[in-house]
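A short write-up of the structure that comes next.
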Amino acid sequence: VHGQGHFHGLRTTGSPGSGLLQHGAGKAEDTFKTSPFHLDLWFYFTLQNWVLDFGRPIAMIILPLEWFPLNKPSAGDYFHMAYNVITPFLLLKLIERSPKTLPRSMVYVSIITFVMGASIHLVGDSVNHRLIFSGYQHHLSVRENPIIRNLKPETLIDSFELLYYYDEYLGHSMWYIPFFLILFIYFTGCFTPAAGQSRMPLAALLLVGPSSLYYWYLVTEGQIFILYIFTFFAMMALVMHQRRKGLVLDSNGLFLFLSFTITLLLIAAWVGWLWNDKILRKKYPGVIYIPEPWAFYTLHMNNLHAAKGSF
């Protein structure tokens, strides 16, 4: 681990004067030290995002139902549990490897909030995806779903709307806000005065595609475009500000910035493709129209599979 000296502020030995000298030395080290590309962490991070996050609902649908009864956790739930442990660990390792001393308290609070939000989402998402086996359609609102709208007493519908709120709103907010905040905090430490360090190795270029595609899925399925675009704009503003100081992005910062840039292009292509879909337009009214991939799947792909099965 390239995290030497990150906790030097916790040491209390030596005189006050020597502590000040150490702090000054630490600042100088923060200013000029550059990290190599963290291929291991970025690879594990991208891999577990695809397998444990994107793969959750796929595993739940593909694996036999008798292995995971509807009154027990699904395979996707176990994927989510693993994600809730591995992701914060990898985020902490990224922060640990930063060449700059970053605000630890903010990082710790963000990680705690992240785990709590992802855990709230685990429960809500588990029930909502299990409802698919009962005929629940994700492209419709809770009250418009055929299996929900005729429930008696009607207060049961309120309970399902509360579950949807925990899944799609509270859980996503407490999960994704600290997630993007941690990535941005890490990004602030990815600048170097050495222009020669501002390029990505081949391995980073190969990882950009899968990384960008995952962020596209995260933003569209999580309905967090505003959070994503604010983070991206903050990155752009920071890059321009640091450039005036003669600092440029290192390989890790370039990887993250390029991933976010390609993500924006993928989102634009996705929205343009589904721009005239009247059914999805009804579910996603308002100025920002970004359909969820799983809503598209339950609306179009399920119907396509059913049509093929009838022949």
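From the backbone N, Cα and C atoms, a Cβ is placed for every residue, glycine too.
The region 'Disordered' annotation in TrEMBL covers 1-22. Annotated transmembrane segment per TrEMBL: 78-95, 107-124, 175-195, 202-218, 224-241, 253-275, in sequence order.
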For the transmembrane segment (107-124), distant same-chain residues with Cβ under 8 A (at least six beyond the ends): 77, 80-81, 83-84, 87-88, 91-92, 95, 163-164, 166-168, 170-179, 181-182, 185
Mind checking which residues reach the transmembrane segment (175-195)? Cβ under 8 Å, same chain, six or more beyond either end. 30-32, 34-35, 87, 91, 94-95, 98-100, 102-103, 106-107, 109-111, 113-114, 117-118, 120-121, 218, 222, 224, 227-228, 231, 234-235, 238, 242, 246-250, 252-254, 256-257
